[in-house]
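*Asks:* If you look up TrEMBL, you'll see 193 marked as active site. Annotation comment: TrEMBL describes 37, 38, 39, 96, 97 as ATP binding site. If you look up TrEMBL, you'll see 131, 170 marked as Mg(2+) binding site. The feature D-ribose 5-phosphate binding site is assigned by TrEMBL to 195, 219, 223, 224, 225, 226, 227. According to TrEMBL, the feature domain 'Ribose-phosphate pyrophosphokinase N-terminal' maps to 4-121.
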């Protein structure tokens, strides 16, 4: 691992520090700021010639600033003769814009971002719980999509919930929820909902008997929290004893914190792929888990040319 160097932008420096602590190496020295007109300013402050560079930068809010930091930093590393550049993007922004529904006149922004990262000279991408698996095919470079579920499952086991049932908040999340239910050896329920427009959802009905059960909603991300809050309400109305939610990415935009505080959710558990805002940290119903050990192990394996899939067998 002597050639490995890890750098970070401003998106989630705390996660980067936790990752290098796991790897027992120092965090790379780079100045990441802005010029007076708001343009991104990057300077690498140490020699990276011939090095295996890992750049940790989730493209969370402010999404466009963080994305441009990632792109401009990658260019700086390429021009500084790094031998390989791996973009470690724990949360991949723009991932929800991955198709043209009903031939609508919209952009496929996930593909645009993939092209940007490839053109700027990034050799490989490492993500966590990519929103749509097909996005890996938008890249012409290798993409490793690792899972946050081991961290979530370990915490669920540590909590020793009684009469546990895993619940998918929608049909699209069934595969993810089923995998968690299988890992825990518990039952699975599904909520069938109809989404009228973006960030608005209506709970329809529950497939499975949740009466008296401790229900855990599992999803890849929580944005405005509308889906989870509606789901918690439906589950409680159908007799669930308690409702928890476990999500990898705490996007928590708009009125998410307010929605959670006013909901029937007993607790929301997330990872630190995205840093929590001050309001998120202050919310007593939100608890954050550390995903750094999983990401650090993936980084180590990539640097040593070892299997990533073996981590999840």
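Even glycines carry a Cβ here, placed using N, Cα and C.
Caution: TrEMBL annotation is automatic and unverified by curators.
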*Asks:* Measure from the Cα of residue 193 (active site) to the Cα of every one of the binding-site residues 219, 226, 227, then give the nearest.
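*Replies:* Closest by Cα: 227.
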*Asks:* Select the closest residue to residue 131 (Mg(2+) binding site) from the following binding-site residues, measuring between CA atoms: 37, 96, 97, 225, 226.
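*Replies:* Comparing Cα positions, the candidate nearest residue 131 (Mg(2+) binding site) turns out to be 96.
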*Asks:* Would you say which of the binding-site residues 37, 39, 170, 219, 223 has the most Cβ atoms within 10 Å of its own Cβ?
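*Replies:* In terms of Cβ crowding, the pick is 219.
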*Asks:* Which residues in the same chain, at least 6 apart in sequence, have a Cβ under 8 Å from the Cβ of residue 225 (D-ribose 5-phosphate binding site)?
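*Replies:* Correct list: 252, 256, 259, 260, 263, 268.
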*Asks:* How many whole Å apart are the CA atoms of residue 226 (D-ribose 5-phosphate binding site) and residue 96 (ATP binding site)?
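*Replies:* About 16 Å separate the Cα atoms of these two residues.
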*Asks:* Given the model, what does the mean pLDDT over the domain 'Ribose-phosphate pyrophosphokinase N-terminal' (4-121) come out as?
*Replies:* 96
*Asks:* Closest to residue 223 (D-ribose 5-phosphate binding site): which of the binding-site residues 37, 38, 96, 97, going by Cα position?
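*Replies:* For residue 223 (D-ribose 5-phosphate binding site), the closest Cα among 37, 38, 96, 97 is found at 96.
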*Asks:* Return only the integer: C-alpha distance in Å from residue 224 (D-ribose 5-phosphate binding site) to residue 38 (ATP binding site).
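*Replies:* Distance (Cα to Cα, whole Å): 28 Å.
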*Asks:* Checking the contact step here: among the binding-site residues 37, 38, 39, 96, 97, 170, which have a Cα within 10 Å of the Cα of residue 219 (D-ribose 5-phosphate binding site)?
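*Replies:* Matched binding-site residues: 170, sequence order.
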*Asks:* Roughly how wide, in whole Å, is the group 37, 38, 39, 96, 97 that binds ATP, by largest Cα to Cα distance?
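*Replies:* Among the residues the record ties to ATP, max Cα distance equals 30 Å.
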*Asks:* Work out, from DSSP, the number of helix, strand and coil residues along the domain 'Ribose-phosphate pyrophosphokinase N-terminal' (4-121).
*Replies:* 42 helix, 27 strand, 49 coil
*Asks:* Considering the binding-site residues 97, 224, 227, which residue's Cβ sits among the greatest number of other Cβ atoms within 10 Å?
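*Replies:* Within the set of binding-site residues, the most crowded position is 227.
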*Asks:* What is the interatomic distance between the Cα atoms of residue 96 (ATP binding site) and residue 170 (Mg(2+) binding site), given in whole Å?
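*Replies:* Distance between the two Cα atoms comes out at 15 Å.
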*Asks:* Have a look at the recorded positions (96, 131, 193) and report the one with the fewest Cβ neighbours inside 10 Å.
*Replies:* 96
*Asks:* Using DSSP, would you call residue 219 (D-ribose 5-phosphate binding site) helix, strand or coil?
*Replies:* strand
